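These come from TrEMBL:
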type     : residues : note
ACT_SITE : SER217   : active site, charge relay system
ACT_SITE : ASP343   : active site, charge relay system
ACT_SITE : HIS372   : active site, charge relay system
DOMAIN   : 137-378  : domain 'AB hydrolase-1'
TRANSMEM : 22-46    : transmembrane segment
Amino acid sequence: CAMDLKVLTRELSLYLENQVRVGLFGSGVGLSLVLGFGVAYACYYLNSIAKKPQLVASNDRFCRFLEEYCPVVTETYYPTIWCWEGRVQTLLRPFITSRPHVQYRNELIKTADGGQISLDWFDNNDSLYYPDASTRPTVLLLPGLTGTSKESYILHMIHQSETLGYRCVVFNNRGIAGEDLLTPRTYCAANTEDLEAVIHHVHSLHPSAPFMAAGVSMGGMLLLNYLGKTGRDTPLMAAAIFSAGWNVFESVESLEKPLNWLLFNYYLTTCLQSSISRHRQMLEKLFDMDLVMKARTVREFDKQFTSVMFGYRSIDDYYEDASPCHKLKSVGIPVLCLNSVDDVFSPGHAIPVETAKQNANVALVLTSCGGHIGFLEGIWPRKCTYMDRVFKQFVQAMFEHGNKILSM
């Protein structure tokens, strides 16, 4: 037995030395392991990750319209195979996706309270499809919480619109895009006064042009709250919403979980503080800025700053008013809303599916993966995301065929 053990040990040693010399991939066993793992991963990906989105809409006419003119919402979404998890998609998108060059024309408009709003226009004067500027379709774009016209997702929307011949204008929230604050007021998801002023201004400049809007994250929340307030009384013919936080209470609770706080909440809070620090001299007239700068969560920031600025009795009152889920039933124009159920900023269980079913103007597109403004697809997703494709197909469908559902 002792001799057999020595022989076996020597043979095993020789085998291992040989593996080190030729390398794992030089052996049939190593190659088989790699192939086996690859096949297993591919099967898991195709069975559990790549899925068709859930299309929620009570209006059969709206559904048929989307299936015909915006087919991407019914096709299987194949997330990038090496980064399909929601947090990973959210973190990587800003670094992976390209930043198309866009030449803006800036305009500052005054508000009724003495403030100013910065608009960045992409006029698309070289449009071949719509050479007449007076009738060129216009898309108003609303970035996220601390976002501006420079965000990659905004640049991609403009690039998609450019190929279709449309004009775009980006609504930058007060004090965010480099302009000075003229009054001690910034913005929030619930107050739609600035958005109303911008929509009225843009429409007054091009009253004969078809007019749509698209909002991302907080921009989508603000747009939904505006639409819930105005119903059909808006110059907008339709709207697209991406990664909106439907219930703010659920959103902040999700973001305060330890891992999410570490990855997103603390960083977002510092971004909010950075966005107002430049205007400290103006804001110190009304706020204890030292206390605001001590916030370590979005909830603390909103408690000390946002809710106070807009006159809410408590942060709960602000969050209740800011949650679009309460306004969805009053939306009076066609709206397409894209969310991923693995979005930590807008948890899947908080998406108002049942409420959406009660409004014929609303369609929800829910993917199983995609994160928050992620929706990466392809092996190396630099140029186009699933969100970009939904945006392009929906705005084109509405501008070119919208008359088929606008009368519903």
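Every residue gets a Cβ built from N, Cα and C, even glycine.
Between the CA atoms of SER217 (active site, charge relay system) and HIS372 (active site, charge relay system) there is a gap of 8 Å. A gap of 5 Å separates the Cα atoms of HIS372 (active site, charge relay system) and ASP343 (active site, charge relay system).
Within 10 Å of the C-beta atom of HIS372 (active site, charge relay system) sit 25 other C-beta atoms, taking all shown protein chains into account.
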